[in-house]
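Student: Take a look at what Swiss-Prot says about it:
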- 12, 13, 14, 15, 16, 17, 127, 168: ATP binding site (BINDING)
- 32-61: region 'NMP' (REGION)
- 33, 38, 59, 60, 61, 85, 86, 87, 88, 92, 129, 140: AMP binding site (BINDING)
- 126-132: region 'LID' (REGION)
């Protein structure tokens, strides 16, 4: 079983849910940049306030900020890990690759969870987070298509991408992920 993983997919695809299940079952450390950023916002720090302003508009937090958060976490992990919500663009992917080479922890697998837009919007609106209103969601999906979708080709070319249909029940999606990482 691969132990250094990345889950990709649009907002609301179920990356966090699947990552939590996978990490719990296989003892990996779950690194969710969304959770790390929300924790920073909740702390009320200057950085958290700045991040909240960006996130509430549905925009992406700067590469430098997210990379420094991820680097701080990865530096303290010797066992397996699963990244969820990072990288979000080719620049971040290249920075992540350099970081992982530096700490001798190369990425072993990437799971792309694919979900139809209408299903995503419904799922996100029902989730009820402050940054989950329809206008913000539509903007987040647009940014995902523009910035994050190119990662699919990047990881395909590296031979480490597995695509999973995410419209099914949680258990079905989880089973598909397990089989693909076998």
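Positions of Cβ are set from backbone N, Cα and C atoms, glycine also.
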Student: Name the one residue among 12, 13, 15, 127, 168 whose Cα is closest in three-dimensional space to that of residue 86 (AMP binding site); these are the binding-site residues.
Tutor: 15
Student: For the region 'NMP' (32-61), report the average pLDDT of the model, please.
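Tutor: Within the region 'NMP' (32-61), the model's average pLDDT equals 83.
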Student: Do you know offhand how many angstrom separate residue 17 (ATP binding site) and residue 33 (AMP binding site) by C-alpha?
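Tutor: Cα-Cα, rounded: 14 Å.
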Student: What's the most sparsely packed of the binding-site residues 17, 33, counting other C-beta atoms within 10 A?
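Tutor: Candidates: the binding-site residues 17, 33. Fewest Cβ atoms within 10 Å: 17.
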Student: Can you tell me the three-state DSSP label for residue 88 (AMP binding site)?
Tutor: coil
Student: At a 10 Å cut-off from the C-beta of residue 15 (ATP binding site), count the other C-beta atoms across all protein chains.
Tutor: 25
Student: Can you check what DSSP calls residue 127 (ATP binding site), collapsed to helix, strand or coil?
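Tutor: The residue in question, residue 127 (ATP binding site), is helix (DSSP, three-state).
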Student: Out of 61, 168, which has the highest number of nearby Cβ atoms, where nearby means within 10 Å of its Cβ, if these are the binding-site residues?
Tutor: 61
Student: Whole-number Å distance between the CA of residue 88 (AMP binding site) and the CA of residue 13 (ATP binding site)?
Tutor: 14
Student: Under 8 Å Cβ-Cβ from residue 59 (AMP binding site), six or more apart in the same chain: what's there?
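Tutor: The answer is 139, 143.
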